[in-house]
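Structure, as structure tokens:
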Ligand code: NAD
């Protein structure tokens, strides 16, 4: 039986794409499951003018667009909890109107003073909004109430801007009240990394540099920039994907076992791991990271000819890199990462490549046997969720040769249909006050310090762009990066 959570939500950017496409349908799922029942209200706010009825109709449409039936009493009851108030976030005096509405709805729905402020809009407004929420009295008071601030990425564009933003938020909210969304942390198989590692002696006892040769993290996108070009061109793959999603995944893979399965303990271990990530000097940054930008093929324009992209853009749409941890567990075992747009396919996966046996007794001089393959544990994050473990076994014949075989676990279609969307999990976590699957400030700051160093080196050189063909796995330099170490990417085209 789901536990009912009580709160009044205030969504800034309440008419935006993210709110309609992800946030409201996720709230509806929580409502259907009983996590939200009668003691909640949602206020949407943006500059647009509309009344509650029009807003409720838009919410119904957003539910329908995400595959829900909306002719039910359940859907009508749900949308009856939604209210709209137009508001310019830079108009301090006008926060009084939002305060009155929040207070009124709090009483009406007996939400017991619990408040969730969700900033789903451009980050340049985050500091102002946080400040005005506090100074204009929107934070409720009392020992048993909560005020939680949820913010979308990007969290700054380098360490300095992130620190300024954090300082601004910290004036109004404590760290444990701030929930920095990284929706990758809401994905089922990313959360499963902890279960896989700390729930299995077999896995965790081998999870170190003695047995693991290297770990590869690939976040591959098939599409180009689409309609996000103006944002993306200012950001690039390093800021857009590596600083947040990839660093979060890597820290879950690299961290030590937490004392307990609590947000405080998990975050402490992730921070410790990130602290031992080697921040490269100029020469190492240039050697260990490569960038790319897609060219054209057939009807597909190159990146520089996409709408809203300058023709001389030097923004990278691809990054690959090698990360090194200077600690007892990982010294000598590199983590290779890559991400990019317009690649061969859309998927996210982690490949853990184990060391080959020290002695291959099957490779005696007269044997025809091919050398033993490495054991590889693959964590499939999306589009299909599951694991695969590659082992060596004897071939089924009279001779004695070995061949790699795979033990596969794939989440079945029904289970994946029932798997909550990342935003549903994360909104539920916010309601529970569980920060496990959000980025803490120390994590964000270490990730920026690492990424800034790469950026600094790149900004000194003019890249030779475009340098990869659409629907490939990136530039030749990404292959060279790993081949130099006598290794290869586990996921390759046509394997
Ligand atoms: P959007 O442009 O569709 O929506 C922005 C919202 O902010 C609108 O409701 C707009 O009316 C409102 N707004 C803008 N200026 C305002 C002002 N001065 N006062 C009041 N309201 C104002 O953006 P989006 O795609 O919904 O994204 C919102 C945030 O989430 C952004 O920070 C984005 O980077 C982040 N994000 C979006 C996605 C996505 O899939 N759309 C994914 C990850 C992160």
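Note that Cβ sites are derived from N, Cα and C of the backbone, with glycine treated the same way.
What TrEMBL records for the NADP(+) site is 88, 89, 153, and among 47, 56, 115 the residue it adds there is 47. TrEMBL names 183, 187, 221, 341, 346 for binding substrate. Of 158, 160, 240, the residue it gives for the same site is 240. Residues from the recorded positions list (187, 221, 240, 245, 341, 346) with a C-beta closer than 6 Å to any atom of ligand 1: none.
Among the binding-site residues listed (47, 88, 89, 153), 153 has its Cα nearest to the Cα of residue 240 (substrate binding site). Residue environment of residue 187 (substrate binding site) contains 21 other Cβ atoms, counted within 10 Å of its Cβ in all protein chains. Taking Cβ-Cβ distances under 8 Å and a sequence separation of 6 or more, the neighbours of residue 89 (NADP(+) binding site) in its chain are 12, 121, 125, 128, 129, 132. Long-range Cβ proximity for residue 341 (substrate binding site), meaning a same-chain Cβ under 8 A and a gap of 6 or more residues, is found for 221, 223, 224, 225, 237, 294, 303, 317, 318.
The recorded positions 47, 153, 183, 245, 346 differ in how many other CB atoms lie within 10 Å of their CB, and the one with the most is 245.
Neighbours of residue 240 (substrate binding site), defined as other CB atoms within 10 A of its CB across all chains, total 22.
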